[in-house]
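J.: What TrEMBL shows for this protein is this:
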- 33-54: transmembrane segment (TRANSMEM)
- 64-194: domain 'EXPERA' (DOMAIN)
- 66-93: transmembrane segment (TRANSMEM)
- 113-131: transmembrane segment (TRANSMEM)
- 138-158: transmembrane segment (TRANSMEM)
- 173-195: transmembrane segment (TRANSMEM)
Amino acid sequence: MMATSATGVLHPYWPRNLSIPSYVANDRSMSEILVFLFSVSGVFLLVTWLVTGLKGATGRMTTWRRLAVCWLAVCGFIHGVIEGWFSLYYHIIPADQKKQFKKADNFTVCMETVTAWIWGPFSFWAVFAFLTNKPYRFVLQLIISLGQLYGAVLYFYTEHRDGYAHSELGHPIYFWFYFVFLNMLWIVIPLLLIVDAWRQLSAAQTHSDASKAHKSKRN
């Protein structure tokens, strides 16, 4: 469905009275864009799954740990490449034939920039840390997951305060799948990883405290 903005330019975006003077119709359908996104994400997931299954310096990872590392690899791609592109070229998106985001407000630009240039590299760093069994791997997992959770909650909350003006409320694809489901992944999964990192770090601290207590008794 196309709408006419205040400048008389036809576009399919919300809010309907949004002014996009330089708008050029996308030559790729939403299905093509999603196929590309899921295909590349699937490649990252598959390669990481295979690598984490190899025996070596990493030892044998559990299925849960392998899935967690796969998630971090996919996050590195999405944050670093897709959102990184957005943070650099958001100002030309209305006239770009490969656009994937709505016309950005200041909050979205800032949030996506932080996500791209901090959580993107950190995600790849965390994958490396798990593959090489670095002692700080769960610290990275905790930091990344907290940042993702914070950003996703703010994204949902600001959109709620705006009255869901940037989407057709209740639409099965654009609202429930694209907006709610896909973004909810960055709430549910980071929450699980935060709990996981909490337990791992608490166990390590408990072991450290017990070792110190044992050494003090021997002395």
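Glycine is treated like the rest: Cβ placed from N, Cα and C.
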J.: List the helix, strand and coil residue totals of the domain 'EXPERA' (64-194) as derived from DSSP.
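T.: Across the domain 'EXPERA' (64-194), DSSP assigns the residues as follows: 106 helix, 0 strand, 25 coil.
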J.: The domain 'EXPERA' (64-194): mean pLDDT?
T.: 82
